[in-house]
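Feature annotations, reproduced from TrEMBL:
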- 81-203: domain 'Collagen binding' (DOMAIN)
- 240-326: domain 'SpaA-like prealbumin fold' (DOMAIN)
- 341-432: domain 'CNA-B' (DOMAIN)
- 440-521: domain 'CNA-B' (DOMAIN)
- 531-619: domain 'CNA-B' (DOMAIN)
- 627-708: domain 'CNA-B' (DOMAIN)
- 789-808: transmembrane segment (TRANSMEM)
Amino acid sequence: MIENKNVGTLTVRKDSAQVVFNENIKNIDSVEGWGQFEIQARNVTDTGEENTGPFTVTSGDKTATVNVTKPASGSSSSVFYYKTGDMLPEDTEHIRWFLNINNNGTYVEQPVKISDEIQSGQRLDPSAFEINQIHLGEQKVYRGEEGIQQFLQDFPGATFDFSVNDNYIEITIPKNFVNLRIIMVSYKTIIEEPEQTSFENHSKAWFKEVNKPAVDGESFNHTVKNISASGGVNGTVRGELKIFKYINGTEIGIPNVTFELRRADEQPIQGQSSILLTSNEQGEVSIKGLQVGDYVVKEKEAPNWIDFDPLSSNELKFSINENDTEGVSLPIYNKKKVTNITATKIWNGGTTPRPSIYFKLFRASTNNWEPVPDAETKRLDNGITSVTWEDIQQYDDSGNEYTFKVQEVDQNGNDYVPSGYQKIENGLVVTNENKEVISVSGQKTWEDNENQDGKRPTTITVNLLADGQPIQHKEVSEKDDWRYRFTNLPKYKDGQEIIYTVTEDNVPEYSTTIEGYNIKNSYTPGKTSLSATKLWDDGNNQDGVRPQSIQVQLYANNQKIGEAVELSEENHWTTTWNELAEKAKGQAVTYRVEELTKVAGYTSEVKQTKDGNNIITNTHVPETKEVSGQKTWEDNENQDGKRPTTITVNLLADGQPIQHKEVSEKDDWRYRFTNLPKYKDGQEIIYTVTEDNVPEYSTTIDGYNIKNSYIPGKTNIAIPGNHIKPWKNFPEKTEREKIRNLFSQKLQIFAHTGESSEQRTNYISKRAVPKQITNKSKSILPKTSSKKSSFAVIIGLLIVTICTGIFLQKYKKV
C-alpha cells in the first residue's frame, strides 16, 4: 500500500514467492518494499550421526545459503515428557499440538497427569483427537471422540476430560499402563485470530520416574509462530530517516529500542530540541520531513536482554542534502546478553577413583529443551566436581530468558549412568548415588555314597540371612544341579556392609556343614543337626547393657549335651550342633536350646521357626520407677481456716520440672508419680519434689514428703466475778463467749443455792466438755490430717476443772 493504494500482490508457494505490481505503481518514485514469510526445512538424511545439509534461497541476483542440521540420534533420551506443536504450510487454519509421554518407555512410580490449557486466538477441535501408544513394539491408534471412549475402556482408571468452551484438556493414566509404554496425544486447534503472530499452549505435568525426582506440576509450555505471509511497499522521499534495529548477525528486529534524534547545529527539529524515536515489533522506526542539515542519532534505551550501555553508546551522524532523491537508512546491530553457566557434580557413596563422565548443556525459554548451540560437551574426570560454560546466550530472539540444565552423557553425547549408580538430574546439578548390589551363590553337595540308602530328599530349602535376619529362601533340587543363587542384593545398609550367611532347613538323617555359602550334607544313620541364632531386641543396645557374649546349652530329652557354647558378635551370634543322635532307645530325641546367661534387664524367648532352627530373642525394656509422698499440716487442725483446699506438688527430674499434681484432702493429702524413666543417657535420674507457695505457711521437704507449718493466734478469756482469775493464752477460735456465759450463769447459781462442790464441778464439766472424748494423746501439737481433734476438749476440761476448784476454794472463804 502506498498512499492507501494497493500497488501489488505477494504470492507465496511451496517452492517460490512472487511479487506482481499493478497499475497503481506507475509514476511513483523511490519505491522500496518488503515481503515476509516463513520457510520450513527438514534434514531427513538417513543416518544416526549429526548431519548438516545446505539449501539456497534466491531472489533476483541475490542468493542466501542456509544450513539445516540434523542432531545425532542417541540410544535414548532423558526427557520423559515434553510438549510441542507446529503449523503445516498446506493448512494455515489449524495448529497441531503434541503431548509426548514416556518417550523412553521406562517405569514410573505413580500415575501420570497432564493438564493442557489452550491460550487465546485458537479453539479446540475435538474431532482431531488422536492417541498413539506403543507397547513392546506393538502400536495402536485411537482417533476422534469415539476413539477416546475406546481408550478409556482399554485402560481402566484412565481419565480424558476436555472442554471446547474453556479450552482445556486433562489426562490421567495409571502407572501400570504407563510402564514400558510410549504414548503420544495429538490434537488440533482452529485459528480464530489469523493476524496473531504466534499461538501458545500452557501444559503442566505430574509424574515420577523410577529412581528420579518427582515432577509436581512443572510447566511445559510451547509457542507456535504463525506462518502466514505478509508484505508491503513503501515510497521513500527526501528528508526521511529509517532506522533498522537488529540482533547482531541476523535481521531479526529488536522492539522497544529508544533513539534520540537532534540536529548537529542544535537547531530545533519540528519545533523540538530533540525527538525520541522507539522501534516497533519489527525493530523499525522512521521519521519524515527532516530539513536539510546535519543530524546526530544516538541509542538511549534498550530492553534489558540486550547488551547495551548508554554511557558507551556511539553517536551516528547523517545528512539530509538538497539534491537527495531518497531518505536515509541506518541499520544498527546489538548483541544479546551472555552469561556463564556452571554445572555441579555430586557423588554419593561408591569407591574412588570416580569414573569419567560428560556434561551436555541444554536450554529452554518455553520449556522446549534443546542443546545449546556451539556449547561443547564438558568432561569431568576423577576429582572434578564442576564445569563452566562462558559467554552463553542468556535470552532467545524474543527476549525470553533461557533456563539451563545439564544432562550426564557419554563421550558421544548419549544419556549415560555410571555402573553401580543411579542418576538424579536437577537443573544444573547431577547427583550419582551408589547403588551397588551383590549376589550370593553356593553349591549343595552330598556325602551319602550316591544316595545308597535312598534317604536323599528331592528338594532342600536354603535360607539367606542378612545380618542374622532371614530375608529370602530358595527351593533347590537336582534339576538346578543343586546350585542356588540370590541376586540383586544391596551391598550396604545404613553405611555398613551387610553380612550375608546361609542356613539350610533340617534334612532328616543328614548332618550339615556350611563353608562360606556352600552347604554339604552327610548321611550317617541316626544323626541330625541343630542350629541356634541369637537376636537382640533392645533398640540396638540403647541402654548399653548388652553383654559381649552369652552362653547357650543344648539339651536332649532334658539332659545336657556337651559343653555350653559361647555366642558373640565374632560368630555372628549363631552356632550349629552336628552329629546329633536322631533316636535313643528307639525313640526320637527331643532337642531344645536354652540360654544359660541370665542377662539383667532382659527377657529371653526361644522359638523354633523351622525344624532344626532355634531363634533365641532377648528383649530389654528400659527401667521405670515411681515417686510418692505425704502432705502433712502443722496448723492446729486448720484452727484459723488458713489451710488451702488444694496444693500443687511439682516433680523435677535432674532439677527440671516435668510434671505436677493437684493434691487435696480427698486424696488424703497423698500424691504419686508413676511410670517414670529411671535412667537418661545411661545415668540414673535424680527426682525431687517442690511445692507451689502456700501463703502464711512455711514448708519443710523431707525426701518426697512435704510438711507445712502455721502458728495459730492466741487470746485471753475473762471470767465474771471477783474471785476467779482470767484464763490466758486461750485459742482465739474457741467458743469463749459460750464458756464465759456458762461461768456467769453458774456463779449466780452458786451464790444462792447450797449445792456441793461436786455438784458444781459436774455442772460445769457437763456443760463445757463434750460427752465423748476418745483421743488420749499427750502431744501438745495438733494431729494433722484428722477431721476432728480432742486436743481442745481435753485442754478445756482441765482448765474448767482447775478454775472450778479455785472458785470453790475462794467461795468457802467468803
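Note: Cβ is positioned from N, Cα and C throughout, glycine not excepted.
Since we're looking at a predicted model, the values are computed, not measured.
It is 531-619 that, among the stretches 240-326, 341-432, 531-619, 627-708, forms the most Cβ pairs under 8 Å with the domain 'CNA-B' (440-521). The domain 'CNA-B' (627-708) shares the most Cβ pairs under 8 Å with 531-619, out of the stretches 240-326, 341-432, 531-619.
Within the model, the domain 'SpaA-like prealbumin fold' (240-326) shows a mean pLDDT value of 92, rounded to a whole number. According to DSSP, the domain 'CNA-B' (341-432) comprises 0 helix, 49 strand, 43 coil. Residue counts for the domain 'CNA-B' (440-521) by DSSP state, with H, G and I taken as helix and E and B as strand, are 3 helix, 52 strand, 27 coil.
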